[in-house]
Amino acid sequence: MTEKKYIVALDQGTTSSRAVVMDHDANIVSVSQREFEQIYPKPGWVEHDPMEIWASQSSTLVEVLAKADISSDQIAAIGITNQRETAIVWERETGKPIYNAIVWQCRRTADICEQLKRNGLEDYIRDNTGLVVDPYFSGTKVKWILDHVEGSRERAKRGELLFGTVDTWLIWKMTQGRVHVTDYTNASRTMLFNIHDLDWDEKMLDVLDIPRAMLPQVRKSSEVYGQTNIGGKGGTRIPIAGIAGDQQAALFGQLCVKEGMAKNTYGTGCFMLMNTGEKAVKSENGLLTTIACGPSGEVNYALEGAVFMAGASIQWLRDEMKLISDAFDSEYFATKVKDTNGVYVVPAFTGLGAPYWDPYARGAIFGLTRGVNSNHIIRATLESIAYQTRDVLEAMQADSGIRLHALRVDGGAVANNFLMQFQSDILGTRVERPEVREVTALGAAYLAGLAVGYWQNLDELQEKAVIEREFRPGIETTERNYRYSGWKKAVQRAMAWEEHDK
């Protein structure tokens, strides 16, 4: 009898590293998770220690196998999914980072972005990389590191330094420095990659003065990139066979592989992606054109809207405001009041993402009167997640010409029934919540499993996808539009708050 085989997905997120073991029926067998430190050197700056990312991720891998009581030779393949855009530069020789990882949320490169705009590069960047000029993406972060770490640019030119997003860093560590790769989805988030030619963009490298020698090789999202030797029982060499940025992995995990299918992930931020097939749709409404995974991990395109603060705004209620002791409490308190009593919370703590793209917006609470209590503020914070999602969906429908009939949802916050119902109410659209919540890990597992023949094709996976609950709109159109217009007014007042030259 042959031993039962499994797939392991490594899900390296913004606040924690996770490892998930899945069986052939796409059931979750075991999960391990470790949080790691968020470093805030200055207001608006966010960093991670790359060695801590690696330590937390590698320990979850060992832990999850022990929990599931399986040996490494029972693993058919490993898939990796990761927080995107976060930039790491390290020494080829030692594997030691020359600076902390600059996280996607970090706004320190706003000045570099302003310079790119002044130099008239916005259209070039949008047309060729699919992105808008914003500190969010990796390119300006790499430039910042090379500008600020003495001698680093010369070392990079000599091939002594390497750049990677988190997937690249993990694979480098897992293969003891033998493999320096990324996939198309992660490359498409750097602002250095031409999404039409599917190669690094020479003009962008030139503009940001980033030596090509430090960049990884770019490959498909579903293929064998290299082998890793896991300790634990057996010490077998296991193929690393899938890579996708977290949002593209979630899109694949939701099996949104046909044109016009969309999902929204509610994590630290909120990310809506709509598959546009083999056509790169240029957005006229502040969305990104990005690379997604087709049915067998090949290049498809997608429209994406990124909201920076979703789950993070609930953490703010918990950690900074001390209004709740646990994120799960937010639903309980939000339903203690019948509405927000006219309050809107705009959680623009690090600026606003799609479709506004204003790095100078700041968080604000509007509509406060004497009768407002903490429950109203908690409810308004939850509602802000749904309003921001509607902002993105309206832009997406305008760009694609596709009217969405159902939105597939995933991520931590989808367990909040109040939020999901309000989301359906404010969109006027069905919201579908899947049985398996770990769709980001699922996507990485699917990509890896398909690459090694663990699963034959998507048809085999389709029957495993079960919708656990469907939410339908429960308010009238006039009420929906009235509430949304209040949100739009609040957003306008929060914009352009911070001074540019500070």
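Start at 1 and count along the chain as shown; that gives each residue its number.
Every residue gets a Cβ built from N, Cα and C, even glycine.
A quick note: this is a predicted structure, and the numbers were derived from the prediction, not measured.
The ADP binding site annotation in Swiss-Prot covers Thr14, Arg18, Thr268, Gly311, Gly412, Asn416, and the record cites sequence analysis as its basis. DSSP classifies Thr268 (ADP binding site) as coil under the three-state reduction. Packing around Thr268 (ADP binding site) is summarised by its Cβ count: 24 other Cβ atoms lie within 10 angstroms of its Cβ, all protein chains included.
According to DSSP, Asp246 (sn-glycerol 3-phosphate binding site) sits within a helical segment. What Swiss-Prot lists as sn-glycerol 3-phosphate binding site is Thr14, Arg84, Glu85, Tyr136, Asp246, and the listing cites sequence analysis.
Sequence annotations record features per position, and here Swiss-Prot assigns ATP binding site to Thr14, Thr15, Ser16, Thr268, Gly311, Gln315, Gly412 based on sequence analysis. Sequence-distant contacts of Ser16 (ATP binding site), defined by Cβ-Cβ distance under 8 angstroms and a gap of at least six in the same chain, are Gln33, Arg34, Glu35, Phe36, Ser56.
The glycerol binding site annotation in Swiss-Prot covers Arg84, Glu85, Tyr136, Asp246, Gln247.
The Cβ of Gln247 (glycerol binding site) lies under 8 Å from the Cβ of Arg84, Thr265, Phe271, Leu273, Glu304, each of which sits 6+ residues away along the same chain.
Cα-Cα distance from Thr268 (ADP binding site) to Thr15 (ATP binding site): 8 Å (rounded to the nearest whole number).
In this structure the alpha carbons, written CA, of Asp246 (sn-glycerol 3-phosphate binding site) and Thr15 (ATP binding site) are 13 Å apart. A strand conformation is recorded for Ser16 (ATP binding site) in the three-state DSSP classification. Put simply, Gln315 (ATP binding site) is 14 Å from Asn416 (ADP binding site) when counted between their Cα atoms.
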